[in-house]
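Pulled from Swiss-Prot, these are the features on record:
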TRANSMEM  3-23  transmembrane segment
TRANSMEM  42-62  transmembrane segment
TRANSMEM  88-108  transmembrane segment
TRANSMEM  112-132  transmembrane segment
TRANSMEM  152-172  transmembrane segment
TRANSMEM  190-210  transmembrane segment
TRANSMEM  225-245  transmembrane segment
TRANSMEM  253-273  transmembrane segment
Amino acid sequence: MNYILIGVILGIVQGISEWIPISSKTQVLIVSSTLLGLSFNVAYSFGLFMEIGTIAAAIFYFRSEISGLLKALVRMSSRREDYLLLKFLVIVTIITGLVGVPLYLFVISLPILGLPMTVLGVVLLIDGIVIYLSRKNYFPRKGLHDLKLRDIIIVGIAQGLAALPGVSRSGMTTSALILLGVKPEEAFKLSFISLIPAALGAISVTVLFSKHEVSQAVHSVSLSGLLISIVVATFVSIFFINALLRFARTNKVVLLVIILGIMAIISGILSDIAKGFY
């Protein structure tokens, strides 16, 4: 198959699946194994490397928030929200690293698939039913300023678990925030911004510990194919970030939580199916 076409397909898969509760790693694993015949380790490393496109999309879409973060970092911001977001990202990223790096090193030798996402999906479905039954008394209303240290640590752990194949990073973090009572739009926004340092760290770890696999992956699809996949993933990601945030603003919490739950269960099932590819 033409490497340019492969790059476009992989870019679309990455750009869509990164932002919804279906593991982008698993989908890229399936596509790369089917189209390129890559082994598990090579395909997994390639999937993480492709997140360059989604990082670029997040930085572009949230450029105002990123600017505020940089100002807060050098103590030049006058906005309390910038410092709260900086604190949130620092803690979440540290916890993500402490949980995610050991899991990644473990995954290289022993792939674990869909169970975590399936369990999360069931929990979300139950939560959706609870919210519906108690909707007069309960509604996710928390914002960033309401999050306690314990809440932020939980989000970091949830994001770290996404190092496992079959576990969606956005699904874990968004779901954790909503289950903690954060309003949907804020939950999606915090989840998407959290991607930036987490994905940069994942790419660094991949290059550091899996140089051979990354080299094989790039060789399999060609450098031009890889670059095309990154560009396509960037543009597709921008579209999906905007669409998901617009949907979150509708405040259809019950529908949103149930959709997240169903997609998480589907992700778990797809991950188990993907086992046959490697």
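Cβ coordinates are placed from backbone N, Cα and C, and glycine is handled just like the others.
Distant neighbours of the transmembrane segment (190-210): 18-19, 41, 45, 48-49, 51-52, 54-55, 58-59, 61-62, 65-66, 85, 88-89, 92-93, 96-97, 100-101, 104-105, 108, 144, 155, 159, 162-163, 169-170, 173-174, 177, 182, 241; these residues of the same chain sit at least 6 beyond its ends, with a Cβ under 8 Å from one of its Cβ atoms. Cβ atoms under 8 Å from those of the transmembrane segment (3-23) belong to residues 31-32, 35-36, 47, 50-51, 53-54, 57, 117, 121, 162, 165-171, 174-175, 192, 195, 221-222, 224-237, 239-241, 244, 260, 263-264, 266-267, 270-271 of the same chain, restricted to positions at least 6 beyond its ends.
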